[in-house]
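According to Swiss-Prot:
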- 33-82: domain 'Myosin N-terminal SH3-like' (DOMAIN)
- T64: phosphothreonine (MOD_RES)
- S79: phosphoserine (MOD_RES)
- 86-782: domain 'Myosin motor' (DOMAIN)
- G179, E180, S181, G182, A183, G184, K185, T186: ATP binding site (BINDING)
- Y389: phosphotyrosine (MOD_RES)
- 659-681: region 'Actin-binding' (REGION)
- 761-775: region 'Actin-binding' (REGION)
- 785-814: domain 'IQ' (DOMAIN)
- 843-1939: coiled coil (COILED)
- S1162: phosphoserine (MOD_RES)
- S1237: phosphoserine (MOD_RES)
- S1292: phosphoserine (MOD_RES)
- S1306: phosphoserine (MOD_RES)
- T1467: phosphothreonine (MOD_RES)
- S1495: phosphoserine (MOD_RES)
- T1501: phosphothreonine (MOD_RES)
- S1542: phosphoserine (MOD_RES)
- S1547: phosphoserine (MOD_RES)
Amino acid sequence: MSSDSEMAIFGEAAPFLRKSEKERIEAQNKPFDAKTSVFVVDPKESYVKAIVQSREGGKVTAKTEAGATVTVKEDQVFSMNPPKYDKIEDMAMMTHLHEPAVLYNLKERYAAWMIYTYSGLFCVTVNPYKWLPVYNPEVVTAYRGKKRQEAPPHIFSISDNAYQFMLTDRENQSILITGESGAGKTVNTKRVIQYFATIAVTGEKKKEEPASGKMQGTLEDQIISANPLLEAFGNAKTVRNDNSSRFGKFIRIHFGATGKLASADIETYLLEKSRVTFQLKAERSYHIFYQILSNKKPELIEMLLITTNPYDFAFVSQGEITVPSIDDQEELMATDSAVDILGFTADEKVAIYKLTGAVMHYGNMKFKQKQREEQAEPDGTEVADKAAYLTSLNSADLLKSLCYPRVKVGNEFVTKGQTVQQVYNAVGALAKAIYEKMFLWMVTRINQQLDTKQPRQYFIGVLDIAGFEIFDFNSLEQLCINFTNEKLQQFFNHHMFVLEQEEYKKEGIEWEFIDFGMDLAACIELIEKPMGIFSILEEECMFPKATDTSFKNKLYEQHLGKSNNFQKPKPAKGKPEAHFSLVHYAGTVDYNIAGWLDKNKDPLNETVVGLYQKSAMKTLAFLFSGAQTAEAEGGGGKKGGKKKGSSFQTVSALFRENLNKLMTNLRSTHPHFVRCIIPNETKTPGAMEHELVLHQLRCNGVLEGIRICRKGFPSRILYADFKQRYKVLNASAIPEGQFIDSKKASEKLLGSIEIDHTQYKFGHTKVFFKAGLLGTLEEMRDEKLAQLITRTQAICRGFLMRVEFRKMMERRESIFCIQYNIRAFMNVKHWPWMKLYFKIKPLLKSAETEKEMANMKEEFEKTKEELAKTEAKRKELEEKMVTLMQEKNDLQLQVQAEADALADAEERCDQLIKTKIQLEAKIKEVTERAEDEEEINAELTAKKRKLEDECSELKKDIDDLELTLAKVEKEKHATENKVKNLTEEMAGLDETIAKLTKEKKALQEAHQQTLDDLQMEEDKVNTLTKAKTKLEQQVDDLEGSLEQEKKLCMDLERAKRKLEGDLKLAQESTMDTENDKQQLNEKLKKKEFEMSNLQGKIEDEQALAIQLQKKIKELQARIEELEEEIEAERASRAKAEKQRSDLSRELEEISERLEEAGGATSAQIEMNKKREAEFQKMRRDLEESTLQHEATAAALRKKHADSVAELGEQIDSLQRVKQKLEKEKSELKMEINDLASNMETVSKAKANFEKMCRTLEDQLSEIKTKEEEQQRLINELSAQKARLHTESGEFSRQLDEKDAMVSQLSRGKQAFTQQIEELKRQLEEETKAKSTLAHALQSARHDCDLLREQYEEEQEAKAELQRGMSKANSEVAQWRTKYETDAIQRTEELEEAKKKLAQRLQDAEEHVEAVNSKCASLEKTKQRLQNEVEDLMIDVERSNAACIALDKKQRNFDKVLAEWKQKYEETQAELEASQKESRSLSTELFKVKNAYEESLDHLETLKRENKNLQQEISDLTEQIAEGGKHIHELEKVKKQLDHEKSELQTSLEEAEASLEHEEGKILRIQLELNQVKSEIDRKIAEKDEELDQLKRNHLRVVESMQSTLDAEIRSRNDALRIKKKMEGDLNEMEIQLNHANRQAAEALRNLRNTQGILKDTQLHLDDAIRGQDDLKEQLAMVERRANLMQAEVEELRASLERTERGRKMAEQELLDASERVQLLHTQNTSLINTKKKLETDISQIQGEMEDIVQEARNAEEKAKKAITDAAMMAEELKKEQDTSAHLERMKKNMEQTVKDLQLRLDEAEQLALKGGKKQIQKLEARVRELESEVESEQKHNVEAVKGLRKHERRVKELTYQTEEDRKNILRLQDLVDKLQTKVKAYKRQAEEAEEQSNVNLAKFRKLQHELEEAKERADIAESQVNKLRVKSREVHTKVISEE
């Protein structure tokens, strides 16, 4: 897997798994100096890379990568590995194996996102804190079946290796995943389960119970679904990890014999239940609380009576309440579905949620202190009512039990007062207990569901448990976790080096075995030995007055100074107090023992527990049904008798028991180790903190593994690789030119090198090196290579320079040659013949090209003709191919059916032989078991008699006890005075009891010694059995070879059938592709027809668009002409205005001068007055005329602007229509192109089919020849069939029945398939409707967005207009001020203007005439434009109608497309159904034929064997039934004895109650006695527990013996008797123990009337004595059993002889079987030959069929693409139509607003005119304002400014010509007269203009009326659109609700 091409199977995950070839080559070629490249110790980074600069006196000076120079000791410098080891996948292969090398290898791989790395047997994984594509399905398939060295490191590789080892080695496997919280343990566990669920699927769904209504999935789904449920209730956010598992789990995945998933189960460890009631600030409680509060399922909020605010609940809101990386709503749905998939009932599901809600309510319960008392009382009952409702309890009883719990004092129950803090503690303990028990119950229920009862043979266990923990504050939880890791590390060390040393042994290397597992034994024994930490903790928990201090003192007494691993911690500032330290393999840990005793006892409020047991909620009652309360002990003896010992089981004892089970499971498996690492505390991807990672490597045991690895030979290389790599060190040692073995070459090479020869060893295939030696060899190799390379470089450089010199010489000669030729050319360049040559040369080439073009045209015509001929031939060949394919399919079906029948017959024959052998073996086993059962029955009857004798003796003892009790009654009255003395005696009795316990422990040790002796005897038996197994091994080998031959035959037959089936499927697929091709051709023709129609429509639309474009262009040209005319009009008007202003200024100047100069005579004054009056009159007339003219011009200008704007909008709408049509045209062109490409692909497919046809014809001829051979075989088989036909009558009848069943099933299947197809069709219709509605919604949203954008644009345009208006107003004001200031200065200009006034007046008249003519022409153009606008409106309506028609046609086209698509899908579904049906029918037919042939072959032999077997089985079943009855009777006796014992116990407790009733007067003494009694009860419980422990020990012995017995039964020996006898001994001991208990109970029943205190002590003393006697009896019985074992060894020897005889018989049977095998072998050889021929034919056909299927698929995909493109085009067309309609409406609205504004503007102008008439007196000021307005329109006219400046200069000149002006006054009068006449003319023109404006106003009103009607139509259309949108929303909501 080294090349990039081989890594391609991993897809996009390849760069995240292994370096590319380029990177590897670059790494090997990197410069590297092995002597100077090192790692040095750094206080910040732990280790850094550096270059050694000098070494002096044990000190090393080095320069780090950062540029710093450091000096360190020699032992703080570590050599760096060569570059070829960079990012190495297995760190155990590194040359220098130490901490910095491991650290930097992990760091560099992590930087390249390669998160998995091997370290020997470990797989180390670093949390990437981001998603990587390394878990995709393609990666799963890539790792399947790959060996570890063939694929990059990965959790899938570990999983697959475990799976393959399980299948090949037939051994259970385990995967141990450890690491700190947040390191990725849970994710890797999920990936392991995902991998197994993917590669080992069963494919069968669990049977669903119709009554239960569970939504169960497959086993794989349930295994995967168990994770979300466990994570919801067992995972929480911590400081380091958002999804931290707060419990350990061991998931066992069971597999069947074939490797398929069979079942699974889960074991959990150390759930952190304290998190239920308390969390740190940065953490939160378990996910389930926040999932429920997320309100994803509102029904839960109502059911649990809670709110959605986590801060309303105290237990869950102490820290964080949300996690960014977790969606609680989605997780709730996943949890809820997991509960359903895992098969929880509805009641159980409700109970889970209710109990979770009750825990939240418990946190809100409030209590307060009573006044003047310490007693607590409830502070409100509302929360308690909710909690009680959810737990189906009475609220008052719950509060009473919490505040006033009942305590058993003596024989009475007394209510005890509780403080507020005690009540809160009790509530928290109950909440934690409910949650813990519910979690454990859920795990049990999951295990029940995952247990499918399918046969299971092996399992793979996945252990996800917390890694080693070293915190500042370490408590009991940390001790448990660290102890678990210590045991796991010991297990790893032992396993790792057992394998390592086995390899040494296999390679033939001398090695002394070292058990590295013993390295950790001292710490483990310190914790778990009899007087270890856990033992002392449990002992202290039994004493009522024990404290943490007493516990610490006992620890110091036992271990301080005696064990090196137990130390007294040194006090550290700023850290919590530590009481003792333990030296673990990962470091020294300081432990604080505060509260350990309470944690270990785990007390609960027994009164509330009693309420829970009586709860109406079955689940809650079941959870606490196992809890033993004081009331249950006092009242219910029957229930309390069985679990009295287990009720006081401590947390540590339960933990040790679970840990021992786990280690037992792991020891029985082959383990695989995964270590998870946290790279940094900040969850930053790609960053790595050195100190943190090193700490985890130590805690995870990675560095421990490296330490042990260095003691051996960690580096090893194959001989061939070593020879190739290190041959350069001494090439002369290996002779050239002759063959030499790689091993010998390596030995010679190493012998010739100067190294320490004790540091390496030679194995059979590899050379092994001690750590560091390989690095030395690498340094030597580098030095040698450096010498060789320098020498090679010198040679190469000399050679290259010589080559360069030769080139330079050749270049010199070439230059001389070129110079000579150029000089010659320069001489002949002007020669006339050479010029002629230059001209003719190009003409020759053009003639040649014309000839080539002519030839190419001829060839083109020929190819056209050939193409037509080939098309005709192709059609003929296609028709022939169809007929030939049908014939070929028929023939192949016949051949396949006959071959299958033959193969199945042979397979059935082999299976019958196997079943016969198995049945014979089972018969032997059953007979042996029956004999053993008879012996056991005899032994049990004897033991029963002995027990009856012992019962009679015990009755005598009871009589003696009754006499003593009578004496005790007499002494009753004196007991009151002796109470104090008795308490002292009780203390003495305690001491005696302690002595008895010590004696009992000594007896237990002796018992353990006897068990060890027994184990030794069993070992001896095992050695004997090994000798026997060796003899039987030969038989097994022969049988194995026979089985292999049979398997080979079966495999060949299966492969043959598979190939034939594939051939048949390929033929069917070819037929399907032919049908698909025909359908596609038909669709293509229809498409072409539709496309031709669409093309015609497109051409029509294009013609219409061209016409519209022409009209638009004409209108635009006309608009441009009008604009030019307007501009000319404006210029002329400005010119006239300027002239008028000049004249007015000149008149004013003249008048002023006349006033100044005209004072000479009164006549002149009067003249001046008259002239001035006339002048004023003329000015007024002129101003009125100019005002009217300006008003009319403004009106005309506005109307023209309106018409231009309307035309512009119409042009815009037409352009939009044009763009829309062009878009449709482009889309249709794209569709045509797609269809053309589809046609091309179809034509290519046709060509391929022709090619296939030819090949198939050739194959058909070959198949025909093969068919003849098959026909010959068929004839032979038919002859055999005829011979066997006489015996097939009965089987033919069975066959008919099966056929009937098959037909019935097929009919049912057809009905079901029809239903399925109908449902699929409905689903597709619903999805289509949904998609259309989604598209409609999308288009509506798009319309809305467009409207919003247009509205914003209009608003912006409006704002711009307003800004323009304001700007214009400001400019008007500026001009007004300017002209007001300039008017004062213009008096001087009038004198200059006098001369030119006449000329200018004349020009003004001409200009007015021109203006009038232009006004008339404008009116005409306006009329013409209005007509054209109306025509354009008509055209627009036509185009809209055409668009609507196109829309309708498009919809019809969409409908046709949808119908064809639906038909295609229906035919496809029918085709698939028919294919499936045909396959199932063919398989059923094959099965029936196989059964028929099998019955023909072995009918007689089966009948005979069946009769014999039935007889033997009936005999054996009778014997077994008798044995079972006898055992059942014994069990009944045992149950009866247990019942009697429980009755005695109740009588004892009644006696105690009566005694305590009489002592009620003395309460203080009674309490003391109760304490004493409770201690004795505890000791009795301890004794009962010890007895139970003895029972468990005996049961373990029995189980181990049972396992050995089963193995011996399989190997046909008689060792079963040993186990049965031991079981008998065990039953005898149990019966004796039960008898003793019954006698004790009867004695206690007789003591009911005793009332004295001595009775209690006497009873316990008697119990202790009896326990001692029982132990002595058991010891004697064990000794007797050891003697019996010696006798049974002798029996085993006899059984060995019997097995020898059996072996000889088996050899005889083997000879018979070998003869049969020979016959079958001959038949197989002939079949194999035929099979090989068929395989070659099938492989050819299969390859060709794959090509055909691929081409058909491509054609189908393109057709689908065309359909989807058409649908998209239709949708886009619809969207464009909607947008155009919307824009049309917007346009009309804007037109209306423009017209409104125009009206307002006209009204304002009219008001201004009216106001002007009223203010005639202020005409002069008004003239200036109008002049400023006129000037504002010509602000950009530069000529006016220049003219003004010239006029100013002229005015200055006119001051000198005043006399000439006086002479011209008469002439001016004449001019005034003329002006008056012209003013009258102007008035007439103004009236005419007013009439025209009235006409235009009428037209405007008409247009406005039409606009209002259009607006109404738009409103109606908009209301219809809104209705459609409402309907679409209703349909959408219905679709969503239905989904």
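In case you wondered, yes, glycine gets a Cβ from its N, Cα and C as well.
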Determine, from DSSP, whether K185 (ATP binding site) sits in helix, strand or coil.
helix
If you compare CA-to-CA distances from K185 (ATP binding site) to each of the modified residues T64, S79, Y389, T1467, which comes out shortest?
S79
In three-state DSSP terms, the structure that G179 (ATP binding site) belongs to
strand
Using all protein chains shown, find which of the binding-site residues G179, G182, G184 scores highest when you count other CB atoms within 10 A of its CB.
G179
Cβ within 8 angstroms of the Cβ centroid of G179, E180, S181, G182, A183, G184, K185, T186: which residues besides those meet this for the ATP site?
N127, N241, S244, S245, G467, C676, I678
Quick one: pull the CA-CA distance for T64 (phosphothreonine) versus S79 (phosphoserine), whole Å only.
14
Distance between G179 (ATP binding site) and S79 (phosphoserine) at the Cα atoms, whole Å?
29
Sort out for me which one of T64, S181, T186, T1467 has the most neighbouring CB atoms within 10 A, since those are the recorded positions we care about.
T186
I'd like the per-state residue tally for the region 'Actin-binding' (761-775) from DSSP, helix first, then strand, then coil.
3 helix, 6 strand, 6 coil
Cβ neighbour count (10 Å, all chains) around Y389 (phosphotyrosine) is 17
Between Y389 (phosphotyrosine) and G184 (ATP binding site), how far is it from one CA atom to the other, in Å?
40
Other CB atoms, at most 10 A from the CB of E180 (ATP binding site):
23
Between the Cα atoms of E180 (ATP binding site) and T1467 (phosphothreonine), what distance do you get, rounded to the nearest Å?
58
Using Cβ-Cβ distances, find the residues under 8 Å from S79 (phosphoserine) that belong to the same chain and are at least 6 apart in sequence, listing them in sequence order.
A34, S37, V38, F39, H96, G772, G775
Across the domain 'IQ' (785-814), DSSP yields 30 helix, 0 strand, 0 coil
Per DSSP (three-state), T1467 (phosphothreonine) is helix
G184 (ATP binding site) to T1467 (phosphothreonine) - Cα separation in whole Å:
50
Tally the residues of the region 'Actin-binding' (659-681) by DSSP class, grouping H, G and I as helix, E and B as strand, and everything else as coil.
9 helix, 8 strand, 6 coil
Students should find that the Cα atoms of T1467 (phosphothreonine) and A183 (ATP binding site) sit apart, in Å rounded to an integer, by 54
Around A183 (ATP binding site), which residues of its chain at least 6 apart sit with Cβ under 8 Å of its Cβ?
T125, N127, G467, C676, I677, I678, Q696
Let me know the DSSP-derived helix, strand or coil state of T64 (phosphothreonine), please.
strand
DSSP-wise, what's the residue breakdown of the domain 'Myosin N-terminal SH3-like' (33-82) into helix, strand and coil?
3 helix, 31 strand, 16 coil
Counting across all protein chains, other CB atoms within 10 angstroms of the CB of K185 (ATP binding site) number 28
